[in-house]
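A.B. asks: Submitted below is the structure of interest, expressed as C-alpha cells.
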Amino acid sequence: MKPPILIIIMFTMISGTMMVLMSSHWLTTWIGFEMNMLAMVPILMKKFNPRTVEASTKYFLTQATASMIMMLSITVNLLLTGQWTVLNMNNQITSNMMTIALAMKLGLSPFHFWVPEVTQGVSLTSGVILLTWQKIAPLSVLYQISPSINSDLLTTMAMMSILIGAWGGLNQTQLRKILAYSSISHMGWMITMTTYNPTLMMLNLMIYILMTFVTFTLFAYSKSTTTLSLSHTWNKSPLIASLIMALMLSLGGLPPLSGFIPKWMIIQELTKNDMIIMPTLMAMMALLNLYFYMRLMYSTALTMFPSTNNIKMKWQFENSKKPILLPPLIVTSTMLLPLTPMMAILY
C-alpha cells in the first residue's frame, strides 16, 4: 500500500474513533463507527492475498450487521423518546439491542467467532490495531450508556467471554489466535465492571492495550507467528525471549506484574458488591489463561531445537531495526504494580 493512501486511511480510522469519543448525538456516533469500519477493511487487506481478503470480508459482514442493529436501536429509541442524546436510552428493548450491537463489535461471546479467524488471517500489524484500537469506540459508548444497561445480560456475556477465552486458547499453536482468545477473555473482565464501576473498566482497557501492543511488537520484532517459530527466539535474542516471557506472565495476570492490577481491582470491586461466586469463577478461568501463557513460556525458553550451527547465538539473524519506544513501554506493561495505591484512590 502506498504511503499517502495509508496515511489517509489511518487518519479516517482515527477520526472515526475520535468522533465516537467526543459525540453526544447518536447519528454522529453511528457515522464515527462507519468511518472506523470502512477504514479498517483496507488495513486488514494491506498484504493482499486470499487469506486477508477472507478475513476482511468476515470482519466487514460482522461489523455491518452490528451497525444495522445499532441503527435499528437508535431509530426505535428516537421514536420512543424523540431525542438523539446518547445518554438518554432508558427503554429496556433499545438498551438490549444496543448492548448486543456493541458486543458484536467487541467480539464478546456468543458473538466472538469472528475474532480468532480474522486475527489469524491478517498480519501482526493489522492484528494489533484490530485487538487494541478497535475496542476503544464500542467501550466508550458502553461507558456512556452504562446506567441504563441490563446488568444480567451483560454479566452473562462477560462470563461466557471469560470462559470461551480461557478454553479456546488451550490447544492453539498460532500466536495470533492465542492473543485473539486472550482479547475475548480480557473483554469479559472489562465488561463485568460496566454496571458496577465503569471507570475501572477504562483503566483495565488502558493496561490491556499497553500489554497487547508491546506483545505484538515483540512478536513482529522476532518474526514469530507460531509456537515453533517462538522457540527459535532464544537463539536469536535471549533478551527479546526474556521480555516475551515477562509479558506472557503479565497478560496472564500473575503478580507482581502490571496485568495483575486490573484483575485484583475487579475482584475487589465485585466482592464489595457482595458477589462471591462470580469472582471465584473468574479467578479459576484466569488460571486456564495463565496455563496457556506458561505453555508459550515453555516453548520460548525450555525447548531449544537441534541446530547444525556450532554457534549458539545466531547473531547474523538479529534484527537491525531498534524500536525506540519499546523499552519504556515494556517497563510500564510489566512494572505498574507499585502505582496500585494511587490507582485505587483514583478509581
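Each residue, glycine too, has its Cβ placed from N, Cα and C.
When I checked Swiss-Prot for this same protein, it listed these features:
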type     : residues : note
TRANSMEM : 3-23     : transmembrane segment
TRANSMEM : 25-45    : transmembrane segment
TRANSMEM : 60-80    : transmembrane segment
TRANSMEM : 93-115   : transmembrane segment
TRANSMEM : 149-169  : transmembrane segment
TRANSMEM : 178-196  : transmembrane segment
TRANSMEM : 200-220  : transmembrane segment
TRANSMEM : 240-260  : transmembrane segment
TRANSMEM : 274-294  : transmembrane segment
TRANSMEM : 324-344  : transmembrane segment
A.B. asks: For the transmembrane segment (149-169), which recorded stretch in the set 25-45, 60-80, 200-220, 274-294 gives the largest number of Cβ pairs separated by under 8 Å?
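C.D. replies: It is 274-294, which has the most Cβ pairs under 8 Å.
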A.B. asks: Cβ pairs under 8 Å with the transmembrane segment (93-115): which stretch of 178-196, 200-220, 240-260, 274-294 has the most?
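C.D. replies: It is 178-196, which has the most Cβ pairs under 8 Å.
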